[in-house]
Amino acid sequence: MDLYEHQARELFADHGIVVPRAEVTGSPKQAREIARRLGGRVVVKAQVRTGGRGKAGGVKLAADPADAELTARQILGMDIKGHTVHTVMLARPVDIESEFYVSYVLDRAAGRFLAIASAEGGMEIEEVAATRPEAVARVPVDPAEGVTPAVAARIADAAGLPARTVDVLVRLWDVLVHEDALLVEVNPLVSTRDGQIMALDGKVTLDDNARFRHARRGDEADAGHDPREAAAAAKGLHYVKLDGEVGVIGNGAGLVMSTLDVVAGCGARPANFLDIGGGASAQVMADGLSVVLSDPAVKSVLVNVFGGITACDAVADGIVRALGTVRLTKPLVVRLDGNNAERGRALLDERAHPLVEQVTTMDGAASRAAHLATTP
Ligand code: GDP
Ligand code: MN
């Protein structure tokens, strides 16, 4: 589970990492009040669980409380990579001297963690990593040893970070371990003109399998969820919002995950993960379709079903009935294979909905859906 910036910074603060004073709101009027409390000048930041907010116009400096209200009004409702901005965070501005990048990420292949750090942090970090990889240090971290002050000093040294960052590197490791995170990232970690080291942004991915150990925290994180994810969860669907334009529905988590890969392989990006599970009824299909279709970023929908215990004709029947309750506004590409595929395909042919087409192979269906989503 990815956390919002304002949630990540709370974890940082809990572990003694310095963050600017800030408050969160969904209302421009309140933004004005908050700015007044914070001293007038504030940075207004979109709270969406995706990066690149700065470049998308979702991070702006406001000169005074009136300007904060105006800026909040501008940013609220904005679409950033398919994520609608429902809340903004207002933070006391910081006088930046240098911006650094630091993160710890699980390296599954190596069975270790990896510290990634650079003295050239900030919004251009991807560019730096791509053009001058030597400016980004990658230091393996043995999970049993962890990040001791000595290890932190090695990371700082490899990245060319000032010695003052060593303490933060140790504390950030504490966040990862104590919060059961798979990723903690601070970009930018800054040194300020008055000599402080502060985290100005935060990205944290918690390990869902460790959720039971953080009952309270899990609820807090959920409270800020994407409304579509919340609606899907209420209907018992396994839905995860992604950044792309092809809606994906399938039966079985493994099949849906490979479908995401195949869509990406066709040059498009999946808009979501949605597993309708084994016993996909008409109601589940209708619920799933309405959640996926309600996403304005979705340009086409791919339904990929391999009939097993749930036969394809039952799934097709579900789609046909769903078409009776959900108004289809985007092309739907259906691939049915496995148990009773022939009967399932016949049912959909009979229904002959102008926006529904069938392709019999997974690759073919993904490529068709990708094409429909990416050609105007
Ligand atoms: P991101 O683009 O989604 O990663 O959003 P960030 O929170 O990293 O903000 C983008 C950029 O805005 C940072 O790299 C900083 O340069 C700048 N920024 C963010 N907060 C502050 C602040 O308090 N003061 C100043 N001067 N710049 C800030
Ligand atoms: Mn950032």
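Each residue, glycine too, has its Cβ placed from N, Cα and C.
Unlike curated entries, TrEMBL annotations are predicted automatically.
Since we're looking at a predicted model, the values are computed, not measured.
Sequence annotations record features per position, and here TrEMBL assigns domain 'ATP-grasp' to 9-215. The feature ATP binding site is assigned by TrEMBL to K45, G52, R53, G54, V94, E99. The feature Mg(2+) binding site is assigned by TrEMBL to N187, D201. Residues or ranges marked as substrate binding site in TrEMBL: N251, G308, I309, T310.
Recorded features from TrEMBL, shown on the structure.
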{"residue": "K45", "record": "ATP binding site", "DSSP (3 states)": "strand"}
{"residue": "G52", "record": "ATP binding site", "DSSP (3 states)": "coil"}
{"residue": "E99", "record": "ATP binding site", "DSSP (3 states)": "strand"}
{"residue": "N187", "record": "Mg(2+) binding site", "DSSP (3 states)": "strand"}
{"residue": "D201", "record": "Mg(2+) binding site", "DSSP (3 states)": "coil"}
{"residue": "G308", "record": "substrate binding site", "DSSP (3 states)": "coil"}
Determine the binding-site residues, out of N251, G308, I309, T310, lying near ligand 1 in the sense that the CB is under 6 Å from one of its atoms, and give them in sequence order.
none
Averaged pLDDT score, the domain 'ATP-grasp' (9-215):
96
Return only the integer: C-alpha distance in Å from N251 (substrate binding site) to R53 (ATP binding site).
33
Report the largest Cα to Cα distance, in Å and rounded to a whole number, among the residues K45, G52, R53, G54, V94, E99 that the record lists as binding ATP.
19
I'd like to know which of these binding-site residues, N251, T310, is least surrounded, judged by other CB atoms within 10 A.
T310
Excluding near sequence neighbours, so keeping only residues 6 or more apart in the same chain, what lies with its CB under 8 A of K45 (ATP binding site)?
E5, R53, G58, V59, I75, V88, M89, L90, A91
